[in-house]
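**Q** Supplied in C-alpha cells, the structure appears directly below.
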C-alpha cells in the first residue's frame, strides 16, 4: 500500500511539471506518505477504548469544560489543513471522564479527513454515548486553508460550529452557562 501511495505522489509531481528525481523531491513521496499516515491516524483509534479506561465514579453533577483544545485536521474536499480550537463540555451522570481523554477524543476525530461540521458532531456524539453524560456541548472555531489559500482567498476568516446534546439542548440556562464560560475564558489567560 505504501508503494502505491508513493507512486501516486510521484505521478502528481510529474503532472504539475516537477522532476520527482531531483534532489529536493527524491524523498518527498515517502515523506508525504508518513505525513498522511500520521494525519489520518484517527481511523485506527477506538473511541470506546480511549474513554472506557478513563471513566471514574463521581457525585459531581456540574458542568465540566475543557476549552481551547488546539487541533488540526484535513479538509476532505481539498486535502488542505484546517485548524483551530475546540471547547468541549459535559454534565456527568455518576461518572467523570479523565481530563486528558477529552483532548484525545478531539484528536481521534480530527486525525481523519473531515469537514468541521461533522467533526463537531462526532465529538459530541462520542462523548454523549461513551460517557453516558446528561448532556454535551461542543464548539469549534477554526481557520480553513481551502478558504484562505484558494477559492475566495479570505485570510484569517474563522468558522464556528456547535453541537449540543441532552440537557445542553433542552435547558437554556445550562446552554447560557456553557457559552458564558467559553466567552469569559477568552479574556483570561494564565
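Note: Cβ is positioned from N, Cα and C throughout, glycine not excepted.
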**Q** From the candidates 8, 146, give the one listed by Swiss-Prot for the same Zn(2+) site as 75, 78.
**A** 146
**Q** Just counting, how many other CB atoms are there within 10 A of the CB of residue 146 (Zn(2+) binding site)?
**A** 16
**Q** Near the Zn(2+) site, what residues other than 75, 78, 146 in the same chain have a C-beta no further than 8 Å from the centroid of the listed C-beta atoms?
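**A** Apart from 75, 78, 146, the close residues are 74, 76, 77, 79, 80, 82, 144, 145, 147, 150.
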**Q** Using a Cβ-Cβ cut-off under 8 angstroms and a sequence gap of six or more, which residues of the chain neighbour residue 78 (Zn(2+) binding site)?
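**A** Listed in sequence order: 146, 150.
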